[in-house]
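To start, the structure under review is shown below, and the notes come after it.
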Amino acid sequence: MATYDNKIWLLKNIRDAFIATDDTGLCEIVMAGEDFSKIFQIKGLEEKKRIKEARALQPGTSKIREGGDSCEDFEREIITQFEPYPDIDESEDEDPLGSSYVRYEEFGGYRQRSNTSQWLDKKEQALKKAAKIKVIKWEDSSPLSKEQCMELFPTVEVKPPEKQKSLLAQQLENCPDLPHRQYLEYGKFDGTAQLGLQTKCFKIFMTMLSEKHQNYPLVVCVIASAKIKDLIGFTCYKYSIEHPEISLGSVHEYGLCIAEDDGEVDWAFPCLDANEPCSKFGFTCLGLIELKNKKSFNSPPIPMPDDGHVFHLFPKMTDSGQSHNNPSRHNTGGSQTSEAVISALRAVNEEKKSSEDANLEKIQCHIMATEAPQYKSYKVQLLRKVRTNTSVQLGISLDRIEIEPLVTHKHVFWSNSRSKYFLHSIESVAWCQILETRGYRTTFRIVYSPSQKNNSALDKNASEHAGYSHLHTTYKYHDFESDHETAKEIVEKVNTILDLLNSSCRREYKISKEKKSQTRRSFHTKHLS
Amino acid sequence: MAGDTTASLGGSQVALVTGGYDHTIKLWQAHSGVCLRTMQHPDSQVNSLEISPTSMVAAAGFQHIRLYDLSSANPDPVTTFEDISKNVSRVGFQKNGTWMYTGGEDCTARIWDPRAAPRTRCQKIFQVQAPVNAVMLHPDQSQIMVGDQSGIIHIWDLKTDQNEQLIPEAEASIQDIAIDPAGKMMAAVNNKGNCYVWSLSGQPPHPVPKKHITAHSKYALRCKFSPDSTMLVTTSGDCSAKIWRTSDWALLRELRRDTQRWVWDAAFTLDSRFLFTGSSDSYARLWNIERGTLEREYCGHQKAITALAFKDQPV
């Protein structure tokens, strides 16, 4: 049996024996690979030759040279590391290999059992089960005699029942507000002992608990039609029953992610859609995770134009960039936006909706990076030096940043004259940062270069500034105000895009900024010394 | 799981069992609302459940009665009673559990001896003309009230095999019969929603009409006296259970819930302070009678609950 430890022997055996015993498909891997037994044999021969030559050169081993006949015998005695099995060729037809076909099966080979044997097994189990059940059949026996009846059915004196205490009432009084109470409604998704209903079993790792509580997965069985959110609820229900000392949060605070057998959650995938039935998913190992900062992550969906056109996201050659100052532009043109675009938008929104539950910090960054180039608009306050702040819609996409005043129709006249529509090509945007946080508001700044417009084919305003030279770059900025979360998201989004493009404008701005700080530093050091 | 739960939630258990159209019987931890165990009742709905003095639960279904052991973890029955041609609609036990009685759609009421042959079989059959909906053993253990679909209540004397007939209302099927634990009152409900009450006196007890209540606007399904005989509950297809005070037959409580559907069965706690109900909305509920509040909901069945049984003593 020692030969089973021999990898090369095994590989060889698989090669030789695959047809007879293997239906696992493993032999194909071995067959497709190189024939190691041959390679090793060749290597072994080479090694032997080398050793022989080396020994021949050694002065002390004169015996060999003397007895030329014993040379071949001696060769056999040299055993190299490539010798898998002494005399592998000779032994091929002998017993150890020959009988191994049989042994192979009983030892490691696992052949799929036939339907008949499985059916027989089931039958046997049913019989065993039935054997344990006592069956009492109704027999039409001769009626009992009057004496027997008198004896068997005596009249019992009816005593008025005493007042009894209820054990349940006592238990209800003593019953604390058990943690599982909030999940009780999920009890109906229990799939154990269901008859005639499809069920599904999952191994669930409670990844949000401390490490000592997540060594073992919780095995839950639910009916197949249960949705993922029901599965989450049922998991909480089962866990809180088994571990009443651990308090879990609301069902909405958790999500289910795909996990490995060992409980390692695969963070590359978002949580399973809470509204999908669990029968849809083939995974059996899942990790229950906590959804953090749900609020901050709830990004509004991409605005869907009701009348079928999408404003600057998909500009058409004919009307792109026209009438920037015209607040009514939403209603002009754009009717040709294809269904495909709208359906694409819808798909994006759908995706967003479904990933709403997957609000994890870990995947947040990932999503931020992939979503950053997508167009998104925010409602923020544009800060002005002279006039009052105006609320604007700040739209950010991969190629532009637009600031559109939000006006109610009442004040169209005023706002037309007062607030302006800005459109900056992303090439002209140099910097974006948070300035300060005060109370519940955060101000942030977007720095742009008004002269950096010659590259921008999108911006029609460019013409008036076309003459400016790069050397005289001046920077202007817009300051905005919004709540923390929005400000944070905008700054992150803009910076992700800027980093992605790394435009010349941004590079120049960075350089000039560095220079400035250097001069400031040198100024400081001068003064200090 | 059952073992774990019992251990973690502690203490001796009272037994609440429910069954219905989803072919399962569930054992609940009544105070926490957790389902401890699910037993399988293949091929048939559960028409009636009763817990024996030996902590066995009997489930009446189509063509058989099955006995399950509540004190073990066995999901399968330990005994089945067979050779019945139709549905068994009600099941009950003699006080000490020495025999079991049933009524069924094959127009019979039967006495079964759970002990195996060849002992003297305590076995009896009572044939009537219409499918039997209700059987109720008098607390003196020697008379069984058999209610059938033709509207007749047969008072079957087990000792003499003689019977007496009562017809409270023509052309109305008797749905259920109840006798109070003191053996002083008998009540029956019919498919018109009417409830009839008799007082029982004499030896053997003889019923004297006492009261007629128009209990429900629809089909009545069950009636039961409270252990202290002060209340009678009637359940109905009008989605409610009503509790009547036996002293003046006034309506004490109407237990209703928006989501509740037909209320098929009910059971009092020993102190007559709480009531369990089982409904077609697949929920069993625990009510505080005094306050009329819903205390617990038992959620786990996939389909309607049509039978429940409760034993307010440690199992």
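Positions of Cβ are set from backbone N, Cα and C atoms, glycine also.
Here's what TrEMBL has on this protein:
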type	residues	note
REPEAT	B:16-38	repeat 'WD'
REPEAT	B:81-113	repeat 'WD'
REPEAT	B:132-166	repeat 'WD'
REPEAT	B:213-254	repeat 'WD'
REPEAT	B:263-297	repeat 'WD'
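The stretches the repeat 'WD' (B:213-254) and the repeat 'WD' (B:132-166) are not in mutual contact, being linked by fewer than three Cβ pairs under 8 Å (pairs 6 or more apart in sequence). Per DSSP, the secondary structure of the repeat 'WD' (B:263-297) breaks down as 0 helix, 23 strand, 12 coil. With a cut-off of 8 Å between Cβ atoms, the residues of this chain six or more beyond the repeat 'WD' (B:263-297) that come close are 16, 18, 20, 22, 28, 30-31, 33, 49, 221-222, 224, 226-228, 230-231, 233, 235-236, 239-241, 243, 252-253, 255, 257, 303-310, 312-313. Counting residues of the repeat 'WD' (B:81-113) by DSSP class, helix then strand then coil, yields 0 helix, 19 strand, 14 coil. Per-residue confidence over the repeat 'WD' (B:81-113) averages out at a pLDDT of 92. Helix, strand and coil counts under DSSP for the repeat 'WD' (B:132-166) come to 0 helix, 21 strand, 14 coil. Residue counts for the repeat 'WD' (B:213-254) under DSSP, split into helix (H, G, I), strand (E, B) and coil, are 0 helix, 24 strand, 18 coil.
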